[in-house]
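Take a look at the structure set out below.
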Amino acid sequence: MKFQITDKNIGSVKADCELVFIIDKNFENKFIKDKEAFEFLGFDGEGAQLVQSSNTIYVGIPKLEADELRLGASKAYGAIKNLKIKSLKVASYHVGCDRLSIQSIVEGFLLGSYEFNKYKSKNKPVSLEEVIISTQELNDVKIDLDKAKKGVKQGEIIASATNFSKDIVNEIPEIYTPLKMAKDAKDLAKELKNVTCKVYDEKFLEKEKMNAFLAVNRASANPPRLIHLTYKPKDAKKRIVFVGKGLTYDSGGLSLKPADYMLTMKSDKSGAAAAMGIIKGASELNLPFEIHAILGATENMIGGNAYKPDDVLISRSGVTIEVRNTDAEGRLVLADCLSFAQDLKPDLLIDMATLTGACVVGLGEYTSAIMGNNEELKHEFKTKSKASGELTTVLEFNPHLRELVKSQIADISNTASSRYGGAITAGIFLDKFIKDEYKDIWIHQDIAGPAYTEKAWGYNQSGATGAGVRMNLYYLNAMAKEL
Ligand code: BES
Ligand code: ZN
Ligand code: ZN
């Protein structure tokens, strides 16, 4: 889908259909030409309504906010996608006309039109090819064309990074092994400016004493990979390291998941997929930071050589871990990857993981948890990432919960002694692997809820949502503006 910005009057722009956003439910807006038809059609300003006689699609949005515009654009797309409409025009007047609004509309179309259909033998054709945004204002005040074009460009980059991440998560576990992730990362580095990629095999993991990571992989027919992507522009201002949980399949291991819970566990690579999407976005946005992505790619399988509940693992950092449940494998992989990541001396360290079912129970399926030791940093992240539309909740560590991950036999247990507070105790487990000097620059993001959905919601189709990509890119973009 292509986007075009024009300062031509909306009336003189040629297109098969016009999109009109409705904010005012009294329909007092000069672009609304079909008030009478609304009465007949029973359209009260909510949802999308096509009026064929005037080739107009009306979409009601409750507020002029970035995410409402994303939702609105995606609803408009949904209403016309199977019609023979090749081009759609929209006047920016409706949306307050700033860069973020235009960016959000572009994101809404691109996120809403994503499909993962490679395994369907038949697909319905989609006609829409072009969206033309006119910057004509209500009182003929025009917005800066350059700003509008920047909005389009940023929207395209951020949505395409998100959709790129969705493709990785949606791919089936038979195909998407750690080796495939390594190949994708290498290909990505070839494609992008200022990006390099190193891939480390099991011998390297052994040399680095990444025994927690290796234990998770042990019963898998597919070897593990530690993948290190680096985006390094000239004169980078800060070094930011992302760490992603890349479980290409999580069967639970010997603490095997029940059948119903195992289904969808191809999505356990979402943290790593998000980190790859962030590198893509960062490079295309030319962000002024040095950004690393450390991906821990492995499966968690069963077999005669599987690691076992009762085992004790000596992690890369030297901290010993009692394994009480092999399904709490993500934190084991992350423990070693976080240790590796701190050797890069980051100014900011962010891990992303589909870490706990408890997080989904606690926050619901739509919200990611933000954890860490630095109150200010967590809240700053929440505020600066808000316009992305991704929902976040800050969760707090406390000394009582810290007690629960103590082990009788090792330095820490991979499960808590209580079933309550599981998202936070997982975060506390990871904290054990963060050195004192990095405690305050570390954020843990549990994306288990929103990363994958079995039913479509908002502009997300069923399947992967690309959770983590937009919130972090918006955060980085906001930080870049402050430089
Ligand atoms: N990958 C799962 C967490 C998960 C659950 C992600 C649901 C997305 C949706 C993780 O490895 C896991 O199984 N965690 C266990 C931890 C428990 C054994 C302490 C869980 O949450 O049940
Ligand atoms: Zn698990
Ligand atoms: Zn897992």
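Cβ coordinates are placed from backbone N, Cα and C, and glycine is handled just like the others.
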Among ASP250, ASP260, ASP411, which is the one TrEMBL gives for the Mn(2+) 1 site where ASP327, GLU329 also bind?
ASP250
For the Mn(2+) 2 site that TrEMBL assigns to LYS245, ASP250, GLU329, which of ASP201, ASP268, ASP310, ASP351 is also named?
ASP268
Averaged pLDDT score, the domain 'Cytosol aminopeptidase' (325-332):
99
Position of peak Cβ density within 10 Å, selected from the recorded positions LYS245, LYS257, ARG331:
LYS245
Counting only residues 6+ away in sequence within the same chain, which have a CB under 8 Å from the CB of GLU329 (Mn(2+) 2 binding site)?
VAL216, LEU247, ASP250, GLY253, ASN300
DSSP-derived helix, strand and coil totals, residue by residue, for the domain 'Cytosol aminopeptidase' (325-332):
3 helix, 0 strand, 5 coil
Which state, by DSSP, holds ASP268 (Mn(2+) 2 binding site): helix, strand or coil?
helix
